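Some notes on the structure that comes next.
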Amino acid sequence: MIPPSPLRLRIDLDALAANWRQLRALAGVDTGAAVKANGYGLGAKAVTDRLYVEGCRTVYVSNWQEAAALAGRAPDLRVKVLHGIDAADLPAALSIDADPVLGSPEQVALWRAHGQGRRCDIMVDTGMNRLGFDWRGFCTEMFAGMDVDTVHSHLACADTPEHPLNGLQRDRFEEVVVALGIRGALANTAGIFLGLDYAFGHVRPGIGLYGGSAGLHQVVFPTARVIQCRDVPAGDAAGYGATWTAPRDSRLAVLNLGYADGYLRGFSNTGAALVGGKRAPVVGRVSMDMIIIDITDTHAVAPGDWVDIPYNLAEAAAQSGISEYELLTGLGARYERVYT
Ligand SMILES: *Cc1c(COP(=O)(O)O)cnc(C)c1O
C-alpha cells in the first residue's frame, strides 16, 4: 500500500474555466489553450477535459509524446504540436490524431512526403527568431495543395506593451495572413491583453488560464504537512547557512515542502505559509525537501497538520524572483493533485 502524499496541490478547475472564458471574452475570437508541459504542471488531461466542456476545441502541446496523451479524448478536439515534426516522430505521429505546426521547409517536405495529405498548421517567425518560417522570405506557394488550417506567429515582447516589436510583429503577421487567406493566430495570454488588433481569428492563451498575469483567478493551491515544531531561543539560527537568526524567543514549524517540489531557493526568508489565516514567514533557507516557518504569532500547529502555502502567482513571482512559468511548471510530481 502506498502511503498518502504529505503535500497536495488543490487545482480549482472552475477558476481555470473562468479564466478561459474571461480571456475568450477579451479576445472576442475562437480561443484555444496551451496545455504543453503537462498543462503547465497542473495535469494536461484534467485541464483539457474541463476546458473542452467550456467549448475549447483546440489545445497546444510541444511534442508528439504530449500529443499522444491527449489525442482522441473528444471527437472534435484538435491537438496541435507546436514543435512540428521530424523524421524520428513520423512513424508514431501518423497514428496520432494531432496536427503538426510546421515551421521550416524541411518539415513541410517531410509532411508532404509522408503526411498522407493530413491537415497541418504553419508557424511564421515575425521577429522572435525562435520557431517558424522567416517572414521575410515567406511565400504562399510553398504550401500549395496542402491542407493548412491555421497560420501562427508568436510575440516576443507581449508582456511589455510599449515595446515597438509588438506592432512590427503584428503588421508583418497581418501581411502573411492576408496573403494566405486562412485563419491567423498570434496572441498568447499577454498578446490578448494588447487588444483586439492582436486577436486575428484565434488565440492561444496559456499562463493566464492557470492564474498567471495579474487579474485572473488563482487556480493552484499548494498545501504541505507539518513534520515537527520546535521552540527556539532568541539568538539561535535556523536552516542551511544560518541565514536567519531568531530576533526573539520563537516557535518554528518544519513543513514537508522544498525545492524538489518547486518551492525554490528564491522563497528563502521571503515566502510564507498561512496558518489560521495569518502569515507565517519562511525563515532561513529553503531545503531540498523542507521549509521552516515562524508560527510564533499564529495559531499553534502540530505534526500532521496541513498548512496552506499562498501561491498567488504574481506575488509569488515577486517574492521569489522566479517567473510565473517556472513556478507552475516546476511544481513537480510529489504533490497529490486534487481537482475541485
Ligand atoms: C506557450 C505558448 C503559448 C502560450 O503562452 P502564454 O504566455 O503561456 O500565454 C502560445 N503560443 C505559443 C507558440 C507558445 O509556445
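The count begins at 1 with the first shown residue.
Every residue gets a Cβ built from N, Cα and C, even glycine.
Source: prediction; values computed, not measured.
Over in TrEMBL, the protein carries these features:
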- Lys36: N6-(pyridoxal phosphate)lysine (MOD_RES)
- Lys36: active site, proton acceptor (ACT_SITE)
- Arg130, Met288: substrate binding site (BINDING)
- 219-340: domain 'Alanine racemase C-terminal' (DOMAIN)
- Tyr240: active site, proton acceptor (ACT_SITE)
**OP:** Could you please provide the mean pLDDT value for the domain 'Alanine racemase C-terminal' (219-340)?
**Re:** 96
Subject >> Proximal but sequence-remote residues of the same chain as Lys36 (N6-(pyridoxal phosphate)lysine) (Cβ under 8 Å, at least 6 apart) >> reply: Ala44, Tyr60, Val61, Ser62, Glu66, Leu82, Gly206
Subject >> Helix-strand-coil residue split for the domain 'Alanine racemase C-terminal' (219-340), DSSP-based >> reply: 23 helix, 43 strand, 56 coil
Original post:
Under a criterion of Cβ-Cβ distance under 8 Å and sequence separation of at least 6, what residues of the same chain contact Met288 (substrate binding site)?
Top reply: Gly258, Tyr259, Ala260
**OP:** Quick one: among the recorded positions Arg130, Tyr240, which has the most Cβ atoms sitting within 10 Å of its own Cβ?
**Re:** Tyr240
**OP:** Please report how many Å separate the Cα atom of Arg130 (substrate binding site) from that of Tyr240 (active site, proton acceptor), as a whole number.
**Re:** 40
